[in-house]
Structure formats: C-alpha cells, structure tokens
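Features reported for this protein in Swiss-Prot:
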| type | residues | note |
| --- | --- | --- |
| COMPBIAS | 373-386 | compositional bias 'Low complexity' |
| CROSSLNK | Lys111 | ubiquitin cross-link |
| CROSSLNK | Lys139 | ubiquitin cross-link |
| CROSSLNK | Lys143 | ubiquitin cross-link |
| CROSSLNK | Lys226 | ubiquitin cross-link |
| CROSSLNK | Lys246 | ubiquitin cross-link |
| CROSSLNK | Lys264 | ubiquitin cross-link |
| CROSSLNK | Lys277 | SUMO cross-link |
| CROSSLNK | Lys277 | ubiquitin cross-link |
| CROSSLNK | Lys292 | ubiquitin cross-link |
| CROSSLNK | Lys302 | ubiquitin cross-link |
| CROSSLNK | Lys309 | SUMO cross-link |
| CROSSLNK | Lys309 | ubiquitin cross-link |
| CROSSLNK | Lys321 | ubiquitin cross-link |
| CROSSLNK | Lys325 | ubiquitin cross-link |
| MOD_RES | Ser31 | phosphoserine |
| MOD_RES | Ser43 | phosphoserine |
| MOD_RES | Ser68 | phosphoserine |
| MOD_RES | Ser85 | phosphoserine |
| MOD_RES | Ser376 | phosphoserine |
| MOD_RES | Ser387 | phosphoserine |
| REGION | 150-257 | region 'Interaction with TANK' |
Amino acid sequence: MNRHLWKSQLCEMVQPSGGPAADQDVLGEESPLGKPAMLHLPSEQGAPETLQRCLEENQELRDAIRQSNQILRERCEELLHFQASQREEKEFLMCKFQEARKLVERLGLEKLDLKRQKEQALREVEHLKRCQQQMAEDKASVKAQVTSLLGELQESQSRLEAATKECQALEGRARAASEQARQLESEREALQQQHSVQVDQLRMQGQSVEAALRMERQAASEEKRKLAQLQVAYHQLFQEYDNHIKSSVVGSERKRGMQLEDLKQQLQQAEEALVAKQEVIDKLKEEAEQHKIVMETVPVLKAQADIYKADFQAERQAREKLAEKKELLQEQLEQLQREYSKLKASCQESARIEDMRKRHVEVSQAPLPPAPAYLSSPLALPSQRRSPPEEPPDFCCPKCQYQAPDMDTLQIHVMECIE
C-alpha cells in the first residue's frame with residue numbers, strides 16, 4: 001500500500017502543468033511582499049516579441065519537463081522491475097533456505113542414526129573379539145587333548161607294529177622249518193636208495209609218524225578253528241563298531257580299545273600256537289634225524305612219505321592262507337582306525353562348534369545359571385555318563401585348589417596358574 005501511494009505521489013509530481021494557470025505562473029508570481037509581480041513590459045512595440053519569446057521558453061520548458069517525466073517514468077519502471085526481481089530472488093533464496101534447513105535437519109538425523117550404528121558396530125566388534133578369544137582358548141585346550149590322544153594312538157600303533165614284526169619273525173621261522181623239511185625230504189630220498197632193511201621197524205616208525213601227523217592235523221584244525229573264531233570276532237567287532245559309532249562316538253573309543261586288546265590277545269594266542277607248532281616241527285626233525293639211518297625205499301614208506309608231503313603242502317598252504325587273512329584283517333583294522341580317527345575329528349569339530357554356538361547364545365541372551373558340568377566338556381562325557389548324576393565332578397586346580405564350575409574354566413585357570 002505504501003508502495004502504491006508513493007508511486008501516485010511521484011506521478012503527480014512529474015505531471016506537466018499546462019493551460020492558463022501555468023501561463024499565469026510563468027508570467028507572474030507573488031512577490032515576497034504579497035503583491036503580484038508584474039512583468040515590466042516595454043512599450044507596445046516590444047510586447048508581442050516578448051510574449052512570443054516567453055511562449056517559446058514556456059514550450060521549451062514543457063518539452064524539458066516532458067522529457068524529464070519520461071526519463072523518470074523509465075527509471076520508475078526500471079525500479080519496479082528491479083524490486084520485482086529482488087522479490088523473486090528473495091523468494092527463491094527463502095525457498096533455498098527452507099530446503100537447506102530441511103537438508104540440515106535430515107543430515108542431523110542421519111548423523112544420529114550413523115552414530116547409533118557405529119556404537120552398535122563397536123559393541124558387535126567387542127563381542128566378536130571376546131568370541132575370538134574364547135575360540136582361541138578352546139582351540140588350545142582341544143589341541144592339548146588331541147596331542148594326548150595322538151600320543152596314545154602312536155603308542156598303540158608302535159605296539160601293533162611290534163606284534164606284526166614278531167608275527168613276521170614267526171613266519172620266517174616257519175619258512176625256515178619248511179626249508180629244513182625239504183632238505184630232510186631230499187635226504188630221505190638219498191637214504192631211500194641206500195637202505196632196504198628193517199621194514200617192521202619202519203612200519204612202527206610210520207605209525208609213530210602217522211600219530212605225529214594226526215597230532216599235526218589236530219593242531220592245524222585247532223588253528224583253523226581259532227582262525228574262524230577270530231574272523232567271527234572280527235565281524236562281530238566290526239558290527240559292534242558300526243552300531244557303536246551310530247549310538248556314541250565317544251564311547252566307541254574305549255570299546256575299540258578293549259576290542260583292540262582282545263585282538264592283541266588273539267594274536268598272542270595265534271603266536272603261541274605257532275610256537276607250539278614250531279616245537280612239534282623241531283621234535284619231528286629230531287625224530288627224523290634219529291631214524292635217518294634206518295629209512296629205506298619201500299612202497300609203504302614211500303606212500304606214507306607222499307601222504308606226509310601232501311599233508312605238509314596242505315598245511316603250508318593253510319598257513320599261507322592264514323597269513324593272507326591275517327594281513328587282510330590287519331588292513332581292515334588300519335582302515336577302521338583311520339575311519340575312527342576321521343569320525344573322532346569330526347565329532348570333536350562338531351562338539352566345538354556346538355559349544356561355541358551355545359556360548360554365543362549365552363552371551364547374547366540374559367545371564368543364566370551355570371550349566372551342569374557334564375555339558376561343558378564334550379571329551380569328559382563318557383566317564384560322566386557312567387558316574388551317578390547325584391555326584392557332581394570335582395574340577396579342582398592341583399596347584400592352588402581352585403574350584404572351577406566346568407572343565408573349560410579349569411583348563412584356562414590351570415594354564416594361567418602354571419604361567
């Protein structure tokens with residue numbers, strides 16, 4: 001409203017004043033004394049010229065005033081355009097200011113959100129660091145247990161290798177005995193060409209040899225029976241091992257140890273049987289040396305010798321088959337040991353992962369009462385299952401008598417206490 005009022009006043013101020021009033025203002029004005037100022041016109045001859053000159057000056061003044069009014073109008077329009085442009089620029093700047101303020105507010109909210117996310121990430125990093133430290137401690141304890149188990153396994157393997165070497169030595173002795181028997185057979189053939197007497201004594205000696213052969217056959221049948229028992233025990237052991245793996249991997253370790261001891265006992269029994277057979281062979285060798293001078297080439301003795309030779313060949317083949325079966329059993333036992341080691345490693349890995357998952361859940365949730373001791377240590381599970389549930393295990397430090405709630409805490413404390 002003030003702008004329109006000022007505009008109207010400005011237009012009225014620059015309007016040209018024409019007509020008689022303007023002429024009157026030009027021709028005469030009031031003097032300071034209140035009297036009208038009259039033009040001192042000359043005489044009648046100079047009045048038209050003066051009037052003409054005054055009119056021309058008045059016209060020039062009007063033209064000048066008109067030009068100045070035109071210039072003022074143009075300046076006024078320029079001023080109005082400038083004010084409109086300033087107003088538009090102000091509105092644009094106000095809009096930009098509002099947008100900038102909204103942007104600042106949004107950036108402030110995003111900054112707060114990012115700050116919260118940063119704090120949450122820092123908390124998660126701290127949690128992961130604690131989990132990583134706990135995993136390192138668990139890894140150290142598992143490594144110690146694996147080292148002890150590997151030591152036990154190496155000790156059992158060394159015992160098995162010693163037993164295998166003894167068995168190979170016995171087989172070498174058996175081969176040496178067979179070589180000696182072949183030498184005796186060649187000597188018998190030589191003596192068979194030289195002697196042709198004492199048929200009755202040879203018959204009696206043949207009967208004694210037959211008795212020895214019967215004893216040898218009985219011993220061979222006994223060994224076959226023991227081999228069959230060993231095979232049945234092995235199949236039963238394999239079935240029990242398979243069932244035991246499905247039911248309990250940790251319990252199968254001790255069961256496998258007992259079965260390994262049974263196999264060692266059976267192997268020792270087989271070695272004792274081989275030693276007894278070697279003694280029988282030695283006795284037969286002594287008897288052959290004693291009766292070497294009285295042997296002759298009679299058909300009956302030759303037939304008995306052929307029968308003895310055939311029985312000896314059959315016995316040697318049976319011994320070779322027994323050795324092959326023994327090697328096959330040894331390979332199967334080694335295969336079972338490898339499978340057992342793999343299953344044990346996978347069981348330990350799954351137990352470790354399950355323990356880590358439980359710990360992660362316990363850390364993320366509210367604090368809970370301490371878990372039972374039989375759940376804290378996966379390797380101590382079989383012994384704790386056999387113990388009565390009413391008697392809690394004693395996790396006590398042997399150095400400072402510190403009572404730990406579980407096996408993991410006890411292992412960590414013992415390592416720190418020793419250091």
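From the backbone N, Cα and C atoms, a Cβ is placed for every residue, glycine too.
Structural mapping of features recorded in Swiss-Prot.
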residue: Ser68; record: phosphoserine; DSSP class: helix
residue: Ser85; record: phosphoserine; DSSP class: helix
residue: Lys111; record: ubiquitin cross-link; DSSP class: helix
residue: Lys143; record: ubiquitin cross-link; DSSP class: helix
residue: Lys264; record: ubiquitin cross-link; DSSP class: helix
residue: Lys277; record: SUMO cross-link; DSSP class: helix
residue: Lys292; record: ubiquitin cross-link; DSSP class: helix
residue: Lys302; record: ubiquitin cross-link; DSSP class: helix
residue: Lys309; record: SUMO cross-link; DSSP class: helix
residue: Lys325; record: ubiquitin cross-link; DSSP class: helix
Just the number: how many Å between the Cα atoms of Lys325 (ubiquitin cross-link) and Lys292 (ubiquitin cross-link)? 37
Taking Cα atoms as reference points, rank the recorded sites Lys292, Lys302, Lys309 by distance from Lys143 (ubiquitin cross-link) and give the first. Lys309
According to DSSP, how is the region 'Interaction with TANK' (150-257) divided among helix, strand and coil residues? 103 helix, 0 strand, 5 coil
Expressed to the nearest Å, what is the distance separating Lys302 (ubiquitin cross-link) and Lys111 (ubiquitin cross-link) at their Cα atoms? 111
If you tally other C-beta atoms within 10 angstroms for each of the recorded sites Lys143, Lys226, Lys246, Lys264, Lys277, the top scorer is Lys277
Take every residue in the region 'Interaction with TANK' (150-257), average their pLDDT values, and give the whole-number result. 76
Given the recorded positions Ser68, Ser85, Lys277, state which is nearest to Lys292 (ubiquitin cross-link) when distance is taken between Cα atoms. Lys277
CB neighbours within 10 A of Lys321 (ubiquitin cross-link), counting all protein chains shown, number 12
Comparing the Cα of Lys264 (ubiquitin cross-link) with the Cα atoms of the recorded sites Lys139, Lys226, Lys277, Lys321, the shortest distance belongs to Lys226
How far is it from Lys309 (SUMO cross-link) to Lys277 (SUMO cross-link), counting Cα to Cα, in Å? 16
Pop the Cα-Cα gap between Ser85 (phosphoserine) and Lys246 (ubiquitin cross-link) into the table, whole Å please. 90
Cα-Cα distance linking Lys111 (ubiquitin cross-link) and Lys277 (SUMO cross-link), given in Å to the nearest integer: 93
Determine, to the nearest whole angstrom, how far the Cα atom of Lys226 (ubiquitin cross-link) is from the Cα atom of Lys111 (ubiquitin cross-link). 84
On a C-alpha basis, identify the one among Ser68, Ser85, Lys139, Lys321 that is nearest to Lys111 (ubiquitin cross-link); the candidates are the recorded positions. Ser85
Shortest C-alpha distance to Lys139 (ubiquitin cross-link) - which of the recorded positions Ser68, Ser85, Lys321: Lys321
